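Feature annotations, courtesy of TrEMBL:
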type     : residues      : note
ACT_SITE : TYR131        : active site, proton donor/acceptor
ACT_SITE : LYS159        : active site, schiff-base intermediate with substrate
BINDING  : THR44, VAL198 : pyruvate binding site
Amino acid sequence: MNQGVIAALVTPFSETGEVSESGVARLLDTLRPHVDGLLPNLSTGEGRWLTDRQWEDMLRATVKHAGELPVLAGVLRPTTEQVLERARTAADLGAHGLVATSPYGTGVTQAEIYRHFADLAEHSGLPVVVYHGTEVSGNAADFDTLLRICALPSVAGVKDSSGSSEFTRRLVEARPGARVLAGLEHLLLESGAVDGYVVALANVEPALCADLFAGRLADPEGSLTAACERYGLEKDDWYRWVKTELFRRGVLENDRTVDTGEVPS
């Protein structure tokens, strides 16, 4: 898996609520010169609320217009079997990897989290990136469990969205055998020598993200803080703000989002 900046993509929609392939193409045209990978259908892409058709159409369009960039398929589903079902589809559509959370629920044990990722690693047919954080699933692997997961042969990385830069640095220092990717913009500069960033900011400031990762900015803290404020990246509906900016620029044909609600299980 590449080091560098992976863009956590927004999902462009048409006026009728279908995935806009032309919107995906225009977005990726702005990103390809600067980023090292693409990640559709995760939180920034409203992956929790996409229908099966929207999810497939977004992944298909991303793979089609990715050029030489690897595409990691975001899968936000409650159970191991549901994740595996989408992983198989992702492999058929040409994805290069899978990003998934632990199974949903506040009562999920560490043993169940480990088993979940072991099953994904064995049966998904794709390299697996662990989405580490409680926001979506309601639970997270502890440090020791995460190290065991990283030792699985097909686990390629961890997207750490735990909200603790101390945890991220500790993971980096442990050299877990998998890439460590920082997943929250406001903590990027505090996360240590990570292997990459997985961020929504890359939709609107891909060159800034690349320069930040490469250490080319004269005032990295000031530049990052200003960008987070400008695009609402610390708001609960950050993806709406990002879409609004992309619509203003003419990259997207509108700033439509999914009508949020529970995804049928």
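Think of each number as a place in line: the chain as shown, counted from 1.
Glycine is no exception: its Cβ is also placed from the backbone N, Cα and C atoms.
Reported as a whole number, the C-alpha separation between VAL198 (pyruvate binding site) and the residue listed as 'active site, proton donor/acceptor' equals 10 Å. Distance from the CA of LYS159 (active site, schiff-base intermediate with substrate) to the CA of THR44 (pyruvate binding site) is 14 Å. Cβ-based neighbour count (10 Å, all protein chains) for LYS159 (active site, schiff-base intermediate with substrate) stands at 29. Residues within less than 8 Å, Cβ to Cβ, of TYR131 (active site, proton donor/acceptor) and separated from it by at least 6 positions along the same chain comprise LEU42, GLY74, VAL99, ALA100, THR101, LYS159, SER161, GLY183.
Between the binding-site residues THR44, VAL198, VAL198 has the most other Cβ atoms inside 10 Å of its own Cβ, all protein chains included. Secondary structure at THR44 (pyruvate binding site), taken from DSSP and collapsed to helix, strand or coil, is coil.
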